[in-house]
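Peer 1: Following this message is one structure expressed as structure tokens.
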Ligand code: SF4
């Protein structure tokens, strides 16, 4: 198996059959090896610095009904909320004082969060924090809307494709949602000029090794600047309540594969990974991740943004827990960077 890992580091890609072997025959020793290789690549590109992003969960209303998601429209058991402009700006103020230079506005596809309203929020943040990056994660929108937000000052957009396989996509989403449309949105975002993030849930119901290979090859072609890889975690109020978690091991394997293929990509150690295992964040970093996204949302609302069971939002997952996060990072030889942490094209020159 090591020859495929060495080849992946060298050539940044493999044949489908080689990926298949890596994904099906990875034992503990192989996993340690690929994680180590990916960590070395990450250290070469970013040093021991971990970028922090302040996550602001702006609304838990959503018009969609994705089968895996705790804030889906069909869940009658959650209390819905939508943050006011004032509250969002308060989160930014608190985050800025703590050293955050990226704000991530994340929410469901909330019809109440109109384009005008989002644009006004982006303009206000851009005016008050000209040195900060604004990342949006608000789902699928028309091209013109993405363009409008970009012109208002947003720099980055996160939109995980979740699975590139259309049949698998239809197992995770209701019929009115389409894989093709999601992929088109990603292409639009790149064309407009956003630093674009995509990614998948590892171990989602119905996912096969073939699907994962298709995801790897799709991401290789799309070349997103950010790649989000987290385990599937069920939520008790969804149709997938009884499905098992994705595993830490497979998540770490995929994270390392993506790091070796995309040395300069911004790859978070996700909250889902930190929720699944107490040392998940650290293990993610040791497998090649270089970003963490502590939660800056108002304390009262965090519990209401429960995408999956027991989602971590306190301690080192929270903005106010930055000192704890710093300690945890130090214990594995890393430190927080308060740079904006944009994707750097020039790094591509050094990737040979
Ligand atoms: S995954 Fe996103 S689009 Fe789907 S229901 Fe949840 S918030 Fe809405």
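Cβ atoms are placed via backbone N, Cα and C, with glycine included.
The [4Fe-4S] cluster binding site feature in TrEMBL is assigned to 62, 66, 69. What TrEMBL lists as (3R)-3-methyl-D-ornithine binding site is 137. Residues or ranges marked as S-adenosyl-L-methionine binding site by TrEMBL: 162, 182, 233. The feature domain 'Radical SAM core' is assigned by TrEMBL to 48-270.
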Peer 1: How would DSSP class residue 66 ([4Fe-4S] cluster binding site) in three states?
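Peer 2: Coil, per DSSP.
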Peer 1: From the binding-site residues listed here (62, 66, 182), select those whose CB sits under 6 A from an atom of ligand 1.
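Peer 2: By the Cβ criterion, which requires under 6 Å to ligand 1, the hits are 62, 66.
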Peer 1: Would you mind checking how many other C-beta atoms are within 10 angstroms of the C-beta on residue 162 (S-adenosyl-L-methionine binding site)?
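Peer 2: Other Cβ atoms within 10 Å of residue 162 (S-adenosyl-L-methionine binding site): 21.
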Peer 1: About how far apart, in whole Å, are the alpha carbons (Cα) of residue 233 (S-adenosyl-L-methionine binding site) and residue 66 ([4Fe-4S] cluster binding site)?
Peer 2: 13
Peer 1: To the nearest whole angstrom, what is the C-alpha distance linking residue 182 (S-adenosyl-L-methionine binding site) and residue 66 ([4Fe-4S] cluster binding site)?
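Peer 2: Distance (Cα to Cα, whole Å): 13 Å.
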Peer 1: Pop the Cα-Cα gap between residue 137 ((3R)-3-methyl-D-ornithine binding site) and residue 162 (S-adenosyl-L-methionine binding site) into the table, whole Å please.
Peer 2: 14
Peer 1: Need one number: mean pLDDT over the domain 'Radical SAM core' (48-270).
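Peer 2: Value for the domain 'Radical SAM core' (48-270), mean pLDDT as a whole number: 97.
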